[in-house]
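Chemist: The structure that follows is given in the form of structure tokens.
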Amino acid sequence: MTKRCGYIALAGRPNAGKSTFLNAVLGEKVSIVSDKPQTTRNRILGVYHGDDLQIGFFDLPGIHKPNHAMNRVMMRLVNQGVGDADLILHFIDVSVPLGSGDRFVHEMLGKLDIPIIVVANKMDLVNKSKVLPTLDTIHKEFQPKELIPISAKTGDNRDHLMSIIASYLPEGEFLFQDDMLTDQPIRFMAQELIREKILHYTREELPHAAAVAIESFQYDEARETYEIGAVIYIEKASQRRIVLGQQGSMISKIRRGAQRSLHELLKKPVELDLFVKVSENWRNNDRFLGEINLK
Ligand SMILES: Nc1nc2c(ncn2[C@@H]2O[C@H](COP(=O)(O)OP(=O)(O)OP(=O)(O)O)[C@@H](O)[C@H]2O)c(=O)[nH]1
């Protein structure tokens with residue numbers, strides 16, 4: 001049996017559904033998902049294992065024009081991940097009109113000498129009568145060599161996409177250990193799961209002002225329980241009220257939700273302590289970004 005193994009970068013504008021696709025393909029949550037753009041802040045590697053196929057997927061932060069330190073960091077990560085890939089999947093969210101964001105991504109990716117497949121994602125949200133015109137618009141605009149409609153959420157056409165991408169990967173020995181799912185340290189995944197709950201529960205009120213740092217991470221053998229302490233950093237004292245909620249109701253919700261997800265990740269019960277601290281302007285502070293692994 002001929003083996004194939006290689007790297008594929010998942011690119012696209014924020015919110016196009018890259019992380020949803022990756023988690024679905026891997027059958028495990030390696031990348032957090034939310035309905036807010038720019039959820040993924042740094043490059044995540046997720047490894048797919050098939051019988052004769054291994055794929056290292058880079059889930060990249062959504063590509064957009066950089067305007068402050070965090071965005072510059074994200075752009076650098078984008079460039080790093082894309083440069084190493086054998087193939088790029090350019091995700092387009094077809095539930096919204098094709099826009100300047102998609103064109104910017106297309107232009108940026110076009111500068112690289114790497115094959116690109118355009119993935120028309122969220123087809124489940126497109127009215128049947130609009131399917132062909134939607135795909136036709138993408139064809140006319142980007143003239144991709146391959147354009148594959150899928151729904152990352154429902155799984156429609158995902159297997160077809162997987163069979164096509166396999167043919168783009170080089171033949172050769174496997175590069176990854178057979179139990180490797182991701183290159184993310186477990187502490188970082190824990191940090192991200194807590195951030196996902198903040199994004200989920202605080203809705204529009206606290207867009208991207210929150211960062212999470214794990215302060216302590218221990219396993220108590222006798223109790224077979226993980227004890228994790230984390231700090232939620234916010235930019236202004238006035239945001240404390242949002243994170244805490246009325247009589248602490250919001251932080252309890254975040255804590256309980258995160259505890260459940262951490263239990264799933266670690267396969268053991270988790271006791272989570274959360275603290276809230278103000279760190280003004282953390283997004284422009286390179287040292288701070290380094291501390292929370294965003295550099
Ligand atoms: N209906 C529908 N929703 C989807 C689909 N794929 C993703 N979504 C939703 O779109 C939102 C964004 O998905 P993500 O997977 O976080 O998108 P992303 O491209 O990783 O976003 P960034 O991290 O911002 O780059 C989430 O609310 C998903 O549930 C799909 O095929 N159909």
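Each residue, glycine too, has its Cβ placed from N, Cα and C.
Heads up, TrEMBL stuff is auto-annotated, nobody curated it.
Below, the features straight out of TrEMBL:
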type	residues	note
BINDING	Gly12, Arg13, Pro14, Asn15, Ala16, Gly17, Lys18, Ser19, Asn121, Lys122, Met123, Asp124	GTP binding site
DOMAIN	4-171	domain 'Era-type G'
DOMAIN	202-280	domain 'KH type-2'
REGION	12-19	region 'G1'
REGION	38-42	region 'G2'
REGION	59-62	region 'G3'
REGION	121-124	region 'G4'
Chemist: Determine the C-alpha span of the GTP site listed in the record, that is the greatest distance between any two of Gly12, Arg13, Pro14, Asn15, Ala16, Gly17, Lys18, Ser19, Asn121, Lys122, Met123, Asp124, in Å to the nearest whole number.
Modeler: 19
Chemist: Which number gives the other C-beta atoms within 10 angstroms of the C-beta of Met123 (GTP binding site), all protein chains shown included?
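Modeler: So the Cβ neighbour count for Met123 (GTP binding site) comes to 22.
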Chemist: Drop a 10 Å sphere on every Cβ of the binding-site residues Pro14, Ala16, Lys18, Asn121 and tell me which sphere holds the fewest other Cβ atoms.
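Modeler: Checked Pro14, Ala16, Lys18, Asn121; of these binding-site residues, fewest Cβ neighbours within 10 Å: Pro14.
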Chemist: Short question: which residues 6 or more past the ends of the region 'G4' (121-124) have a Cβ under 8 Å from it?
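Modeler: Residues 16-17, 21, 91-95, 131, 149-154, 156-157 contact the region 'G4' (121-124) from elsewhere in the chain.
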Chemist: Please list the binding-site residues from Ala16, Lys18, Asn121, Met123 whose Cβ falls under 6 Å of any atom in ligand 1.
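Modeler: What lies within reach of ligand 1, judged by Cβ under 6 Å, is Ala16, Lys18, Asn121.
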Chemist: Determine the Cβ neighbour count for Gly12 (GTP binding site): the number of other Cβ atoms within 10 Å of its Cβ.
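Modeler: So the Cβ neighbour count for Gly12 (GTP binding site) comes to 26.
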Chemist: When DSSP is mapped onto helix/strand/coil, what comes out for Ala16 (GTP binding site)?
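Modeler: In three-state terms, Ala16 (GTP binding site) counts as coil.
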Chemist: Counting each residue once, how many in the region 'G4' (121-124) are helix, strand and coil under DSSP?
Modeler: 2 helix, 1 strand, 1 coil
Chemist: On the 0 to 100 scale, where does the mean pLDDT of the region 'G2' (38-42) fall?
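Modeler: Across the residues of the region 'G2' (38-42) the model's pLDDT averages 66 on the 0 to 100 scale.
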